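Enquirer: Input: one structure, supplied below.
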Amino acid sequence: MKYFEFTFDTHPCTETVNDVLAAVLGEAGFESFVEREGGLTAYIQQSLYNEETLKTELANFPVPDTEISYTFAEAEDKDWNEEWEKNFFQPIVIGDRCVIHSTFHQDVPKAEYDILINPQMAFGTGHHETTSLIIGELLDSELTGKSLLDMGCGTSILAILARMRGAKPCTAIDIDEWCVRNSIENIELNGVTDIAVSQGDASALQGKGPFDVVIANINRNILLNDMKQYVACMHPGSELFMSGFYIDDIPAIRREAEKHGLTFVHHQEKNRWAAVKFVL
């Protein structure tokens, strides 16, 4: 699968600007991001790139007085472990109970759940607010013996943690070939079983389930579009956790969820990002 590598320069270059830029680029089809001095490096499948879409998204950038410029070239088809080392991917501890690190890390903190991740083209290492929010939800949930779906699984970090916490069986689905390959590698690294990984979008859910727990950490538009398909593979009492959007998006997410019979339980937030929990 061929990718373009984009280098975005932002002024001012702040954490907020970079977070919003990553979200905006996600709406334009970009799927992988690396923070760099002065902005972001981002990746998109060549077959999905649309110049007009990108220009429109940047023209409507929601942070006032932000200047954004970019260049791009064809990306090498390679393993991204070395790139993450260069970009200071450090071990992260979430909730004092879960540590996420890679094979190249030394002096890793001890925690109840130790997860190994070797990222390739899938960026789900626990560092982003949305991933850490869902991890926090999983740490606070009773998962033993529950069937679980990780939709838009990325590195499958969430499915791996859920399996470690007793969820069984687990299903992990992602539209991206790299994510599927990386998920399989990460599952093997962690020595967990009963996680079935497959490639596809929400249409791949037809005939699957019902699941006791569904996780979808993607983005606002995909969640709004695909929520009815998540509900179709749930049963009364199933839990749905969603993230990948901002606090301001919660009302739209709630309206769509309630149209499909879901009941809002609570939300969590971190640096303007949100995660929500619903029950069917």
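Note: Cβ is positioned from N, Cα and C throughout, glycine not excepted.
These came from Swiss-Prot, pasted as-is:
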BINDING   THR131, GLY152, ASP174, ASN217  S-adenosyl-L-methionine binding site
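Could you place these features in context, so I can see how deep they sit and what lies close by?
Expert: The Cβ of GLY152 (S-adenosyl-L-methionine binding site) lies under 8 Å from the Cβ of ILE173, ASP174, ILE175, ALA216, ASN217, ILE218, ILE222, GLY244, each of these being in the same chain and 6 or more residues away along the sequence.
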Enquirer: For THR131 (S-adenosyl-L-methionine binding site), list the number of other Cβ atoms lying within 10 Å of its Cβ atom.
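Expert: Other Cβ atoms found within 10 Å: 25.
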